[in-house]
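Working notes, structure below.
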Amino acid sequence: MTERLTLVRPDDWHIHLRDGAALQQTVADVARTFGRAIIMPNLVPPVKNAAQAGEYRERILAQRPAGSAFEPLMVLYLTDQTSPDDIRAAKACGYVYAAKLYPAGATTNSDSGVTLIDNIFAVLETMAEVGLPLLVHGEVTTADIDVFDREKVFIDLHLRRVIERFPTLKVVFEHITTADAVAFVREAPANVGATITAHHLLYNRNHMLVGGIRPHFFCLPILKRNTHQQALLEAATSGNPKFFLGTDSAPHAKHAKEAACGCAGCYTAYAAIELYAEAFEQMNALDKLEGFASFFGPDFYGLPRHSDTITLVREDWQAPASLPFGDQQVIPLRAGETLRWKLLDGGVA
Ligand SMILES: NC(=O)N[C@@H](CC(=O)O)C(=O)O
Ligand SMILES: [Zn+2]
Ligand SMILES: [Zn+2]
């Protein structure tokens, strides 16, 4: 049995750090392991242009722990009003690495998202031209479509035609949750990739709903049945470079999750690589973790791989029951339970 695992330093290609006082914990947690992270722009109000991305980036950098070289890769939030000039300015600023499509109403803070993808075709054209990847929350939002089917219907109604119409646009299908999405990405051209979260690899909807409703497993896209979980595990451990690490770590205060109408999002950043190691170990595929976590993301974005490493050891430890979240608390995924892998201090081998 593997007892020690050294990886080239990984990156997180999808994370929510939030803002204000929350950054103290969220930035420390991501910087502990990851060299870079794609920072989701769904703040209130959202990060809509290069100037706002630059200000947010400064707030993140101000919370970076001493000695850390963590680099936040900023993202624009697309709205019906985003213009080709906004895209050109974002590309030119040097710290924006992608733009994010939230279908209006699909998820947390998506109210000002795009109401119809066709409204932003001129923007997508410019993104393809300047080489700015499109990140997609791939779910339809119409009331007639069941919440468990929203990802598949989004592929059929929207993603397929966007990819055909913009063949040179890099597209990341974010936090995929279904066998349908795995098949779609696998068969799509090389400019289409996908991120997969640790929680969608480790859990299915039974974990959320059997024996009582567990709000800390509730995220969007929602956990699916175990056959979909299996397809995600196979994709992540396949060595196919189209699939790479994106935690979608998305903290909400305890009271906002443990509520009659609880928010969507799981907080995993405090132990992200450890959770992925568990999932890969279950598949007897720890040898595939480095490609997924450290190589395929930078290769897709056209960025250099890191040259330093982190080391994990096989050692049981207890996840914290809660963590500070500004003046509140966030309950992390697996709170109070045992984790199987531990990052060596400072990530130094
Ligand atoms: N994944 C989630 O359940 N929530 C995310 C939004 C998102 O990534 O869709 C959040 O910002 O809370
Ligand atoms: Zn999302
Ligand atoms: Zn997200």
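Note that Cβ sites are derived from N, Cα and C of the backbone, with glycine treated the same way.
In TrEMBL, annotation is done automatically, which means it is predicted and not curated.
Just one of K91, K100, K170 is listed by TrEMBL for the same Zn(2+) 1 site as H14, H16, D248, and that one is K100. According to TrEMBL, H16, L17, R18, N42, L220, H252, A264 bind substrate; the candidate from H137, H158 that the record adds to this site is H137. Here the C-alpha separation of N42 (substrate binding site) and H16 (Zn(2+) 1 binding site) works out to 8 Å.
Note: the Zn(2+) 1 site is recorded as H14, H16, K100, D248; in the same chain, I15, I38, M40, N42, L135, E174, H175, G246, A250 also have Cβ atoms within 8 Å of that site's Cβ centroid.
By neighbour count, meaning other C-beta atoms within 10 Å, the densest spot among the binding-site residues L17, L220, A264 is L17. In sequence order, H14, H137, L220, D248 are the recorded positions from H14, R18, H137, L220, D248 with a C-alpha within 10 Å of the C-alpha of H175 (Zn(2+) 2 binding site). Checking the binding-site residues H16, L17, K100, H137, H252 against ligand 2, the ones whose Cβ sits under 6 Å from it are H137.
When the binding-site residues L17, R18, L220 are checked against ligand 1, L220 have a Cβ within less than 6 Å of one of its atoms.
Of all the recorded positions in the list H137, L220, D248, the shortest Cα-Cα distance to H14 (Zn(2+) 1 binding site) is found for D248.
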